[in-house]
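According to TrEMBL, the protein has these features:
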DOMAIN    28-251  domain 'RNase H type-2'
BINDING   Asp34, Glu35, Asp142  divalent metal cation binding site
Amino acid sequence: MDLSELDRDSTGRCRLNSPVPAVCCKEPCALGVDEAGRGPVLGPMVYAICYCPLSRLADLEALKVADSKTLSESERDRLFVKMEEDGDFVGWALDVLSPNLISTSMLGRVKYNLNSLSHDTAIGLVQYALDQGVKVAQVFVDTVGPPETYQEQLQQHFPGIEVTVKAKADALYPVVSAASICAKVARDQAVKNWHFVEDLQGLDADYGSGYPNDPKTKAWLRKHVEPVFGFPQFVRFSWRTAQSILETEAEGVLWEDSPTGDQEGPGRIMSYFSKSPQTLPRLPHRYFQERGLESASTL
């Protein structure tokens, strides 16, 4: 699996895909959607689709695909190679979302939460398969959030396709299990071969599971937080665990235009109707405050 695009730019996203089997453009297909790495504070989140003709679902199941979380790394790698060898009827595509993309989306001025990002990524991959000519007849998705709401959203986007959204779909439908394996293999490879653009002294590759409640992961975060510049791009800095470490381990910043604690704010609403005039500072509109803009007295 070639993740060189992610190595070149680890701040955005990259898409990978197999060749589309000719039979998938002729026969109705089932398509599964799943992800890997949604919860960790470290590394990318990977969404994957896997598809095959309805007439070949038994052949896919015969590969013994299963929920990737129940398989060892070597078993996942072996099954992914097997799916590649069966490329005459099995196709896949991935969307790898970097930690930086996830965090900047969640903390932007217009909030873009992880559920919305996940839903849109899944929709984008299904649409990608359709654009490549795959005759998608059925879609099976491992849910993110309430399955009924998510299924309705997908059904509105793809009215001509039968959509099924279930919790634990990766353990129920082989085509979702296959997508789960593709996603997990890609994430494992991305994490193992992550290209750190930062010059980290004494880089420790043993960061545990990457999940926020793992003591080893927390220790790694504390070791590699830079007091001024924060975390390397490998870290999802929007996660509460990372933010807590920044608050205790990093330097505080006071911007020149930040209001100080003794700055007088607006008074009570009734004060505006009192007879005695009050001199209250008039703060600029939030638009100007957020952009650091102020009135120019001279040119």
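Glycine is treated like the rest: Cβ placed from N, Cα and C.
Remark: of the binding-site residues Asp34, Glu35, Asp142, the most isolated position is Glu35 (fewest other Cβ atoms within 10 Å of its Cβ). Sitting within 8 Å of the Cβ centre of Asp34, Glu35, Asp142, and not among those site residues for divalent metal cation, are the Cβ atoms of Val33, Ala36, Tyr47, Ala48, Val141, Val144, Ala169, Asp170, Val176, Ala179, Ser180, Ala183. Mean predicted confidence for the domain 'RNase H type-2' (28-251): the pLDDT average there is 92.
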